[in-house]
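*Asks:* The structure that follows is given in the form of structure tokens.
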């Protein structure tokens, strides 16, 4: 049969593709074939939602059009036949009309960098197409599959809450809509960041119609399809016989419905499946049949359809019949994200046979019956298969044979004496794979609590889902009681062992979870037995009952308070007003252009990297011949294409290489690069390059290993001292020695590193680069190409996030791309895939601190001797400066008269770690907060009282000899304690902890003091350029880069006030080295401080030139003045410059200067609740008070505070980097690396800006805001530690206990020692090789 023609619709337009590639995704097709670049590539594994589009199809079974949010990165374009695709461009634009979904997100300040915005817009749009007025729960579900690294999620939810049934203020009866006044406001403060009344209403009648051509005829559905390429053939049969014949002919063929598993295997494991079968038009696999015994679902029915029908039946049928249904929907809620559940099917989940499948334990415990069919000897054969013991025969294998097809699954109704419950524990609740899950199905003897039959299934404990038959048999005939729990716990520990080196790690935790999840099931079933009257109400102690519960996402409550602008401030003066991000509307419509959105150029090639697969080794052979033999592959680049000098690069020290030269120092180091016609071909060719190695030792991965081998960079350690530490420690009432440790953190900007290099005339090179430091890229590109800098221009219009990760590491991509473009004489492009980016570009520095502190019996700290170690990776990068800031911030807000702080930069065989928001400050302050809590614990005082006792006062000196001016930390503290109802909550928490054994709450107060300036003096400068045109419009250029932090918006505001004109007259096009030269990186939170003052400098020059004209025409307009100036030959272009004064401290050469220009302070109070049985936790509330001077833009600044808090929360609680003992990064995408999602924000999230605190040392009395709030996220960590301490007290354990950051569920559970953890035998460290280690 010849190739079929692919037909589908995109944004109402018919698309016909004659020879579609079965390996092509919908995302690739949209971006490269149709140039619809609003849909973004964020991860390629369906984990971030940046690629979300809406797919509409007519369900002819129900005669209903279904609108589904899907991940375009996983959706095969071949599966779109007969469908209608809607992208963000298709619902509205700034040139025509904004859709309310786009408008509300933008105007509610829900878009910062904007890279995730189109995906979030489309998730919401798809929801509204299915429910005109959704509930808040619908919103929660809709965004399970979307991530945002910038905003902290609050403003997105606030904007979209206006569409919901429950739309109302979170303050309930106290709402200002009821009382008539603002939430907590007074004459000085405001709380409205956006005006809801300005939103255009949603009018469903205006939505695009489903294409009539698809609706009127079933021709697209009834047609069997074949799409073939030279590697893969895609089949879409339309009846069961055709499907079974294909499977008989190609037994190894993969059946693809949602492509959520196969797509990941093909992309990341590089599997090649020559035959793919799409069975979505075979009615037998789509059937839903109901009878008195239960419901039968076809194997290809989507998980969302299953969920919806089961929820309906739960509402309609008696509870006793729907316990399996309820158990299923409970598990489905946490099964991936909605985009995945919309297309994934239960049959795929069963047949994939993942050992951590969420549904297989439920189906195995329930003994589900499966229907299977095959075509043998020309005949259709069917048989039934029982899911239970023996069904899974090995890793991803089961008893269903290769030529057979799973037709469907029976869900039986439960009986009155039957109970089935399931629990799942993951790193993060929403959209995460299980660490361990469990399902327990028990049937009791009639109207009793005597076990008649029980089946228990567990995931995450073996290569397959496993049952526990021996333990189950032990329970038969036994009374369901606490005595049974003890026996079961011991038996499960024996029956389900786990090797100390088992893949996945967390051995003790996983073994503890098996017992703990059973116990949660015991509690849940006991409560149901009690409720039904079978057991007495007091059979289960009241304090144990909450142990049966799981966390649920509450409806968000929030408040944002900021200083009201003066009533006499001109309306056109935007300073201090909550203005919308300048690019927010374009970001919400997909019109905003990022580096990889730039249209492909004639002759352009793609560059793909060959990466090291060894942590430390000599390269003995490098052979690209096989790769170069492929059609469309043009050239291979390696160290041989550069001189030794040209190949040596680095941001400060040239201790790195463009391409590894003779030796590799870590996994993921760039060895070479392949230039080819397109990305897929270049990456395939790169995998064909043969690299042979001679491995070297030792391989050093961890800080402890570096200390053991004395593997430090030259000139370290370094020390900073103040006073006499030895003497003070000797005289102290108390001394204490401690250690604390924290891991690294992946930046996870949604836009990965990208660069496009274009050769121009006269040996010029033009680079478009996702970098925070265009001048550094310019300088190093000139270095590797041996060009003068004036021949190289680097441009950065906007970045899809940066957080420091694009300050120095952008050279990893930009330099090879520039070299290839220069040598080949044609445009070259590269945008790293997420796994490449995470492997290559480094992370936040892990730190280890060892300290000895002396203090009085009242808790006044008198001395501290502290050692700081950071894990730099294999090259220096900026690690020396990160260490210095940690050493300068370790004391946080506390005055310590005698200090010795030493710092070591550890050299290891990891990718070079780099700048990350906070730049060592959060790590240093983390040590300081451990110290203050150690002191409080030892002297027996409340930690807040000890904080107050030790706080710096205005006029005090730090240990690096800077005097503190205008230091308002006490005011921040008192305001925050009041705002958070601290004293009242302490009592509530104490009461809760007394009443609950397996749930505990904790609360923590964390202050912060963050120094504002670059640590290297020469970087504290900025330039600007302002051009005024004849029509009065103003083009502003400055040296900062728009990363999403609102820098361009603030610069426009500054210029508008300085020039006295409306913001709408001012435009910023891009950051470019030919506009403003010799720029500093946009980092260190000083973007607004430096560039804002440079902008003012240029404005002042222009104002001076225009002053005589304004005097001559006092009643004139701006345009008239500019027109007059032009004809008077007055220059309407000016440059500005600013150098931060009074800084550059050095103890010998500049002892009277400051290290930092000033400090930004704040305080946060966070309350958490933990599940002591699983280690799960939930942030109940966070209150933050920040001193940011006179805010330039409260909406942007509060957005920065919330986003920084959530990033800090992730750093200290969720985000764990997983490395092999040899230094290979396991966590290379959102599947394993978990940053906070929508459901992780505090249930109550309040931010208040300190009023009446202008800062004289920055533009318009403002303060820096990007980095300072991040450390407040640690308040969740310290609150968790308080909650753990409460759990340990119930176990009779007192005193301190170790808890590393991040405080993952594993660490929380193991720290909550109890009768279950006591059953575990933990092997001694060193007696085995662990699966993973902490760097």
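Easy rule for this one: first residue shown is 1, then count along the chain.
Every residue, even glycine, has its Cβ placed from backbone N, Cα and C.
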*Asks:* According to Swiss-Prot, 807, 885 bind substrate; so which of 847, 849, 919 is the extra one listed there?
*Replies:* 919
*Asks:* With 43, 48, 51 listed by Swiss-Prot as [2Fe-2S] cluster 1-binding, which of these, 24, 37, 73, is given for the same site?
*Replies:* 73
*Asks:* Mind giving me a neighbour count for residue 348 (FAD binding site)? Other Cβ atoms within 10 Å of its Cβ, every protein chain shown.
*Replies:* 22
*Asks:* Relative to the Cα of residue 1084 (Mo-molybdopterin binding site), which of the recorded positions 345, 348, 919, 1267 have a Cα no more than 10 Å away?
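*Replies:* Neighbours among recorded positions, in sequence order: 919, 1267.
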*Asks:* Quick one: largest C-alpha distance among 807, 885, 919, binding substrate per the record, in angstrom?
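*Replies:* Roughly 17 Å, rounded to the nearest whole number.
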*Asks:* Rank the binding-site residues 261, 807 by how many other Cβ atoms lie within 10 Å of each Cβ and give me the one with the fewest.
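*Replies:* Selected from the binding-site residues 261, 807 on minimum Cβ neighbours within 10 Å: 261.
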*Asks:* Considering each pair of residues in 772, 803, 917, 1084, all listed as binding Mo-molybdopterin, report the largest CA to CA distance in Å, no decimals.
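*Replies:* The widest Cα-Cα gap among those binding residues is 12 Å.
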*Asks:* Which one is it, among the binding-site residues 43, 73, 258, 345, that lies nearest to residue 116 ([2Fe-2S] cluster 2 binding site) by Cα separation?
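*Replies:* Smallest Cα separation from residue 116 ([2Fe-2S] cluster 2 binding site) among 43, 73, 258, 345: 43.
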*Asks:* Rank aside, I only need the closest one: which of the binding-site residues 150, 261, 772 has its C-alpha nearest to that of residue 1267 (active site, proton acceptor)?
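*Replies:* Of the binding-site residues 150, 261, 772, 150 has its Cα closest to that of residue 1267 (active site, proton acceptor).
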*Asks:* List, in sequence order, those binding-site residues among 148, 150, 261, 348, 406, 772 whose Cα sits within 10 Å of the Cα of residue 43 ([2Fe-2S] cluster 1 binding site).
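*Replies:* Among 148, 150, 261, 348, 406, 772, not one has a Cα sitting within 10 Å of that of residue 43 ([2Fe-2S] cluster 1 binding site).
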*Asks:* Please give me the CB contact count at 10 A for residue 150 ([2Fe-2S] cluster 2 binding site), counting all chains in the structure.
*Replies:* 29
*Asks:* Out of these binding-site residues, 43, 255, 345, which one has the fewest other C-beta atoms within 10 Å of its own C-beta?
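*Replies:* Among the binding-site residues 43, 255, 345, the lowest count of other Cβ atoms within 10 Å belongs to 255.
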